[in-house]
Amino acid sequence: MEIVRSQRRNGSDGSAGAASLPLYKSAPSLEVRLEEFERCAIDRLRVLKAISDGLSRGKKPEEMDNLVGELWRANMKHQDVDETLRKDIISHFALRLVYCREEEMRRWFLSMETTLFRYRFRLQNAEAQKSIMNELQLQYNVLSHAEYETLKDKLIQAARSVNSTSNPETVFYKVPFEDVPDLVAGRRVFLLKGFAFVPRNQVVSLVCTIFRSNISKALALTNRKWRATIHDQEKDRLAPIVEALGNSYLGPDYSQPRECAEISLKDINQLASSSFPLCMRHLFGKLKEDHHLKHGGRMQLGLFLKGVGLKLEDALAFWRAEFSQKVGAERFDKEYAYSIRHNYGKEGKRTDYTPYSCQKIIMSTPSTGDHHGCPFRHFSEENLRAALNKMGVGGRAMDDIMDKVRNRHYQLACTLTFEATHAASCETGINHPNQYFVESRKIFQSKILVRMLITIV
Amino acid sequence: MASIAACSSPGIVPKQEHGEDPMQIDSNAPEQRHINRVPEGLLLTDYLRIYYGKLFPYMDMFKWLSYGNADGKHPGCDSSYFGRREFSFTIKSDRDEIYLRFQSFSNASEMESAIKAKCPTKIDIGAVYTVDPAKRHAYAQSGFSPVERELIFDIDITDYDDVRYCCSGADICSDCWPLMTIAIKVIDTALREDFGFNHILWVFSGRRGVHCWVCDSRARRLSKEQRSAIADYFNVYKGGENSLKKVTFSGPLHPSLARAYTDVLKHYFEEKWISTQKLFEHEERFHKILQLIPDESVVSELAGKWQGSRLEHVNSVRWDQLKHMLQSGSKKTQGLRRCIEEIVFSYTYPRIDIQVTKGMNHLLKAPFCVHPGTGRVCVPIDPNNCEQFDPTSVPTLAQLLEELNANASIGTDNYMEKTSLGLSVNFFRTSFLEPLFKTCKEELESAYNTKIQQSKDSLNW
């Protein structure tokens with residue numbers, strides 16, 4: 001309730017048409033019809049999904065700015081400011097309920113909501129931004145003129161290093177570096193003796209850090225409430241809607257192998273060369289070649305294999321067979337077996353880990369010695385061409401794929417690769433390595449297509 | 001350094017029952033005093049037993065890791081602090097290697113007797129947890145999680161294998177070791193100047209790298225996300241094995257990188273690295289550099305110029321040609337402007353193992369352990385004089401025990417002082433431990449006073 005009132009006041013102030021931006025601190029007591037609940041949730045999901053796709057295509061900040069603006073206008077905006085606000089709030093809390101239930105879902109929701117908030121915050125005028133900062137109780141010191149003069153050169157240098165094209169900012173907040181991890185990580189601020197000097201145009205980072213941590217705590221709380229009471233109380237009313245929303249829009253959960261049920265160890269080589277997507281094929285090949293993969297690669301391939309249907313015992317045998325050639329069976333059992341059992345939920349927190357989606361793989365940051373990541377994004381053009389060649393892709397298909405890569409449509413590039421190697425179309429598009437595998441098996445299992453493939457290749 | 005001919009002095013080193021007496025290996029050749037490796041087999045454990053019995057600095061380690069909380073007299077102390085720290089032992093028997101995680105000790109003497117009894121080939125230090133790690137199962141419900149951990153860095157020279165040509169894998173030499181010196185200088189300066197940390201310990205990892213422990217209370221309390229941010233701040237060399245260009249600058253260098261470049265990297269790359277590694281002498285080596293230039297015409301012009309002819313100072317001459325070409329007015333396009341810096345950073349900027357820094361419960365080998373392969377002690381390195389550090393002259397276990405024997409007659413019970421380990425331990429105490437301890441005491445005092453003040457205030461209300 002409180003939020004609604006304060007935001008309304010902002011809205012009626014008509015402060016240069018600034019859209020009000022709620023902080024979703026507590027669920028308002030509003031009367032909402034079930035249909036409205038569902039419709040709002042779906043509209044917001046469209047926005048979040050599209051943001052997620054945009055990020056995984058590596059869109060630049062300005063492109064994301066435009067994208068989020070359009071999405072918001074198309075799905076959420078209403079002529080009446082109060083109506084927009086009402087929908088904003090209802091849809092957020094509806095999705096919070098939908099996405100509070102699993103760790104993976106919470107992480108996705110948290111990161112998409114924070115991204116949405118980030119863009120919307122930047123669209124606010126200075127006045128509105130300030131009032132949001134006050135509401136979040138962010139009280140930082142603005143750098144005095146004297147201090148600014150002594151640090152001026154460094155501050156400008158730091159701004160220019162990240163291609164800040166706009167006029168040099170002269171208002172800086174001096175904050176402990178711990179408060180702006182994303183700005184530190186991207187080397188986007190000047191640091192001195194433990195303080196980060198945050199230009200006013202980057203203040204959104206401070207706000208987002210707090211926003212994110214508030215929503216994160218709230219999600220954990222909602223999850224507890226869901227389990228304890230809501231799920232039972234709403235068994236016949238809300239719960240089915242919530243569950244359906246989660247399933248239909250997050251895409252299938254590939255943690256449990258489906259359809260092709262199980263694969264056996266003896267088939268794995270053959271499956272790798274026929275039905276693994278390039279990222280997994282590459283990891284698989286490297287593992288066979290080096291008898292070793294670094295952590296990121298072990299996770300990406302290991303969870304994929306689990307999703308494909310490799311049972312724990314077979315997985316252990318598979319990894320041991322390779323690693324023992326490099327580090328010895330003993331060291332494998334001691335240092336690596338644990339993490340494989342861990343992935344299968346047999347150690348530690350005993351969470352059954354889900355295989356990585358394309359989005360997660362594309363956003364990963366492989367480092368020295370790493371082979372994981374998305375080949376379409378992380379390979380140099382030369383290496384990618386060589387890898388595709390090895391899969392039998394060439395000619396026109398190769399050009400089309402490289403074209404998608406240049407435009408940062410990595411998943412589309414992967415989809416084209418699938419189509420080229422399977423001589424079949426893939427209408428849904430590839431958004432998960434395990435989906436690639438399932439689709440590929442479907443095609444190979446229908447014999448006619450196999451024969452077709454042979455005649456074409 | 002004592003160099004009296006070794007006399008097997010009774011009482012310190014037990015005579016070996018079989019095989020030669022290892023203490024006599026070098027006795028006739030004092031100029032070759034370094035015994036690089038501990039002899040195979042059983043001997044390592046025997047050597048270690050003496051090392052842990054006479055030399056390992058238990059009290060200093062305890063004083064460090066209790067961060068001022070061991071003084072029971074002060075009411076602000078958290079007496080459970082040291083006992084919530086995870087240690088982990090690697091123990092080697094005849095054929096197996098056993099890994100014991102979640103060991104914990106409530107005080108120095110408990111730690112000392114456990115190490116003496118188990119005689120681990122490696123001791124790792126983990127995080128401080130919510131509860132005693134040995135009892136973690138009992139508290140599984142209420143939550144067993146790390147609460148404090150030094151900010152750590154692990155730099156391993158094998159991560160530079162694509163740019164060093166003198167050695168590869170575990171090998172190091174005086175030509176490539178300076179990469180570690182550079183890493184120490186760059187990171188140490190940034191940790192102090194940018195992040196404001198003061199209590200930083202650098203340690204030789206025993207063979208081919210260095211470890212860094214940042215021990216300020218502010219560093220120990222960083223969250224996982226904040227640690228990740230710091231790791232990324234230093235993570236300039238990116239991209240997996242399949243990307244070509246690993247360093248990309250879209251604008252001028254960030255002040256921290258600019259400082260590293262002008263103070264350390266540029267000079268070192270130009271004066272040393274290009275000549276010791278003969279970067280422009282061999283075709284496959286200079287092609288690797290040319291690959292980093294995103295302009296075909298520049299690349300083909302340079303490659304053509306460098307075909308065949310062998311001149312004097314070829315490395316520095318060609319580097320100058322490359323620089324000139326990239327900086328010359330006609331070629332000075334947007335894309336090429338940062339290319340020289342990108343090349344220098346690709347070859348010399350520190351490459352940290354970011355996973356180690358990001359995690360809160362990552363284990364890291366304790367200082368003063370002995371590397372089982374080289375027999376060398378993991379001694380601290382002085383960041384202010386890191387150029388002088390020579391990994392090949394770090395005392396080995398065998399050497400220490402020999403010194404111990406040689407100086408047995410000197411009438412003191414302080415065994416450490418009789419060996420070259422004494423210097424390292426002294427450095428650890430005076431340069432790291434004492435200032436750290438002083439800060440810890442002050443922080444403890446002020447935290448306690450604030451608490452008292454608060455409780456007074458609440459009474460006054």
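For all residues, glycine too, the Cβ spot is worked out from N, Cα and C.
As the structure is a computational prediction, the values presented were derived from the model and not from experiment.
For reference, TrEMBL has these:
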BINDING   A:Cys279, A:Cys358, A:Cys374, A:Cys414  [4Fe-4S] cluster binding site
DOMAIN    A:270-437  domain 'DNA primase large subunit C-terminal'
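Mapped onto this structure are the features recorded in TrEMBL.
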| residue | record | DSSP (3 states) |
| --- | --- | --- |
| A:Cys279 | [4Fe-4S] cluster binding site | helix |
| A:Cys358 | [4Fe-4S] cluster binding site | helix |
| A:Cys374 | [4Fe-4S] cluster binding site | coil |
| A:Cys414 | [4Fe-4S] cluster binding site | helix |
## Note on the structure
Smallest number of other CB atoms within 10 Å: among the binding-site residues A:Cys279, A:Cys358, that is A:Cys358
### Query
Hey, for the [4Fe-4S] cluster site built from A:Cys279, A:Cys358, A:Cys374, A:Cys414, who else sits with CB inside 8 A of the CB center?
A:Pro277, A:Leu278, A:Ile361, A:Ile362, A:Pro375, A:Phe376, A:Arg377, A:Tyr410, A:Gln411, A:Ile430, A:Pro433
### Message
Mean pLDDT for the domain 'DNA primase large subunit C-terminal' (A:270-437), rounded to an integer?
### Response
88
### Summary
The number of other Cβ atoms within 10 Å of the Cβ of A:Cys374 ([4Fe-4S] cluster binding site), counted over all protein chains shown, is 28
